[in-house]
Structures are given as structure tokens and as C-alpha cells.
Amino acid sequence: MAPNLRKSHPLLKMVNNSLIDLPAPSNISAWWNFGSLLGICLLTQILTGLLLAMHYTADTTLAFSSVAHTCRNVQYGWLIRNLHANGASFFFICIYLHIGRGFYYGSYLYKETWNTGVILLLTLMATAFVGYVLPWGQMSFWGATVITNLFSAIPYIGQTLVEWAWGGFSVDNPTLTRFFALHFLLPFMIAGLTLIHLTFLHESGSNNPLGIVSNCDKIPFHPYFTLKDILGFMLLLLPLTTLALFSPNLLGDPENFTPANPLVTPPHIKPEWYFLFAYAILRSIPNKLGGVLALAASVLVLFLAPFLHKAKQRAMTFRPISQLLFWILVANLFILTWVGSQPVEHPFIIIGQLASLTYFTILLILFPITGALENKMLNY
């Protein structure tokens, strides 16, 4: 009998073991779709980004007009740009839901997979930040100025570090060119990290909604989950296309329709919606260095998740108190996102401070205590 090429060819064998004959738990729900959706987001962003880069000029005098030119004169340039800009939003929606799923079902106990995932999140945030600067509108310029300036809070080396990052004494042409280079490079780094992420995942196999070992009940990835993933792709690409075609500027800032002007500061400097929760945490601390540390901690706290797991059960499926805490945390993140979009005045300042305190209290204190408490409850 001739050998099956799919199982014997050195390259096809890898594809087969990752996407076709991969044993997957039979009961994984739609919450397990977001990994493949993130893959589709990445592919879409790289493809549209490549097409945009062909028409973009990374120069302060030309950047804004080159983007306008792409939208006006390039065939379907407006569509490519709208898909790329809104694709970023969908990328973040998917990654936040993916992380939420991991948190709820205790997937973070696969430490290597979880840690590479957090590194992926940080890389994605860096990519989105440098990408937002490229159209060189008002919010691009001032966002870049405000966020890069945060590095100056680092004691002793801060100021030198910022000037080194800027390539001068303010955000200017050298900053724009290097941000374009970084924005081109980082997505490929994300793709590489994704392969590492998957390699670690396939070492252990997927978790499942019950949080128990499922080796006795596995099904092949193809056709079951390939089909389920295709449904997911359709449900992702449909709203993305709808948003890009019907209301492409819904999530953008009107300030970015004005070319960058270092002499005029916009009334409210705020990042895109997906950074607002972290921005609110940054603003809630009246000290510059303290704010920067809180901002870093808001994402880096995810690295601690495996060490803060005190429950005997892995998933929150049968842990109602932890579930309640989890959904309070989700609501709290929505509050932080809303506060981040508001001006710095009463009552938003105090709301932001309370929400920031709640965020860290739930993650660092209440989750471990609740886990231990639920262990006690198992005895009764």
C-alpha cells in the first residue's frame, strides 16, 4: 500500500498533526473558537497592511496625504484601509475574549502556553500603538507624544531613553519612520510567537469546559472543528465587513482627520477604545511613575494568574462564587473603559480610582481567597 503523503511528507505531516488529525476534546464550546479567529485576524491584518504599505509614505510631510491618496485614488484603497483599521478592533475583541475564556476555565495552568499568550498580547498592543501613529493625524501625534513620554518616568535613564526612542527632542520624522519599520516588523514577530504558542498548546492538548482530563474522549480536529472554525470565520468577517462598509469611522477619533500639528493640543487626548481600560488605570494615580507602574501592572498581572490559582478545581464551571467575581471583574473592565474615554474631572477621577483598585483587588486578593474558600466548601 502506498504511504499516505499527508502522514509521511515532512511538511504535510506537521500540518496534519496540527490541523487535521489533532485529537481535540469532544466538548469544547464556541469559546474555543477565538484562537483560530485570532489567526484569521492576523492574516487579514498582514494582507491589508501589506497592500496599504505599498501606497504609504513614512514622512511627516507626506504621511497624512499618502493615506488620503490611498483612500481616494487607489482601487478599493478606502476599503482596504477601513478593513485594516477596524480589523485591529476585532483583533482586540477576539484576544480579550480569548484571555477571558482562559481565565474562566483555568487554561492558564498550561503555564508555557499562557505566558507566550501574554507576550503575544503585549506585542499586539505595541503593534497597534505604533500603527495608530502612522496616519499622522492630531490624535496619532499627540497619542505618540503622551505614551512615549511615559518612559521618562523611569528614574535616571528615563529622559535619555525617550529621546533615543524619538530620535530627537520631540516626536518628529525619525519617530514616524522607525514606527513604520516597527509596525511592519512586529506582525511577523506575532506570527512567529503564535507558532510557539501553538507548539506549547499541542504539548498538552486543549483544556475543556469541565476543566478535567479529556484523553478518554477525543475526536479528530478535521472535519468537526475545521467546520466549526469556518462558521466562526463567517461570524467574524461579516460584522467586520459590515462595520468597514457602513460605519468605518465609528470607533475612530474625529481629531485624526486633522493633520498633526505640534502647536495645537487636542482638548481630550485618548487612545483607541481597546487601550482605554489601561489608560484609566494610568490616569487614576496622581504620580507619574506610579501611574506608569500601574499601567504596566494592569497587563503584566496576567503572568501571575497560574500562581494565584488556589482552587482544587481547574475551571470556574462549578465554582459559583468565583464566577460572580469573574463577572464583576468583566463589568469593572467596562467601567474602566468608559472612564478612560471621559475627561479628567469629578466624578470620573474617583470612579476611575475605585475601579482600578477593584481590578487589582479582585485579581490579586479575592480570586485566591475565593478559591481556597471553595476548597473548604467541597468538604461539606
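Glycine too: its Cβ is placed from the backbone N, Cα and C atoms.
Feature list (source: Swiss-Prot):
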- 34-54: transmembrane segment (TRANSMEM)
- 78-99: transmembrane segment (TRANSMEM)
- His84, His183: heme b b562 binding site (BINDING)
- His98, His197: heme b b566 binding site (BINDING)
- 114-134: transmembrane segment (TRANSMEM)
- 179-199: transmembrane segment (TRANSMEM)
- His202: ubiquinone binding site (BINDING)
- 227-247: transmembrane segment (TRANSMEM)
- 289-309: transmembrane segment (TRANSMEM)
- 321-341: transmembrane segment (TRANSMEM)
- 348-368: transmembrane segment (TRANSMEM)
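What Swiss-Prot annotates, mapped onto the structure for a quick look.
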residue	record	DSSP (3 states)
His84	heme b b562 binding site	helix
His98	heme b b566 binding site	helix
His183	heme b b562 binding site	helix
His197	heme b b566 binding site	helix
His202	ubiquinone binding site	helix
Practice problem: Measure from the Cβ of the residue listed as 'ubiquinone binding site' and count the other Cβ atoms within 10 Å, all protein chains considered. | Solution: 14
Quiz item: Name the residues of the same chain, 6+ apart in sequence, whose Cβ is under 8 Å from the Cβ of His183 (heme b b562 binding site)?
Solution: Gly49, Thr127, Val130, Gly131, Leu134
Quiz item: Does the transmembrane segment (348-368) make contact with the transmembrane segment (114-134) through 3 or more Cβ pairs under 8 Å, each pair 6 or more apart in sequence?
Solution: no
Quiz item: Do any residues of this chain, six or more beyond the ends of the transmembrane segment (321-341), have a C-beta under 8 angstroms from a C-beta of it, and if so which?
Solution: 100, 103-104, 270-271, 273, 275-281, 283, 311, 348, 351-352, 355-356, 358-359, 362-363, 366-367, 370-371, 373-374
Quiz item: Out of 34-54, 78-99, 114-134, 227-247, which stretch touches the transmembrane segment (289-309) the most, going by CB pairs under 8 Å?
Solution: 114-134
Quiz item: Which sequence positions outside the transmembrane segment (227-247), separated from its termini by at least 6 residues, show Cβ-Cβ distances below 8 Å to it?
Solution: 30, 33, 36-37, 40-41, 44, 79, 82-83, 86-87, 89-90, 94
Quiz item: If you draw a 10 Å sphere around the Cβ of His197 (heme b b566 binding site), how many other Cβ atoms fall inside it, taking every protein chain shown into account?
Solution: 21
Exercise. Please work out the number of neighbouring Cβ atoms within 10 Å of the Cβ of His98 (heme b b566 binding site), leaving out its own Cβ.
Key: 21
Quiz item: In Å, rounded, how far does the Cα of His84 (heme b b562 binding site) sit from the Cα of the residue listed as 'ubiquinone binding site'?
Solution: 30
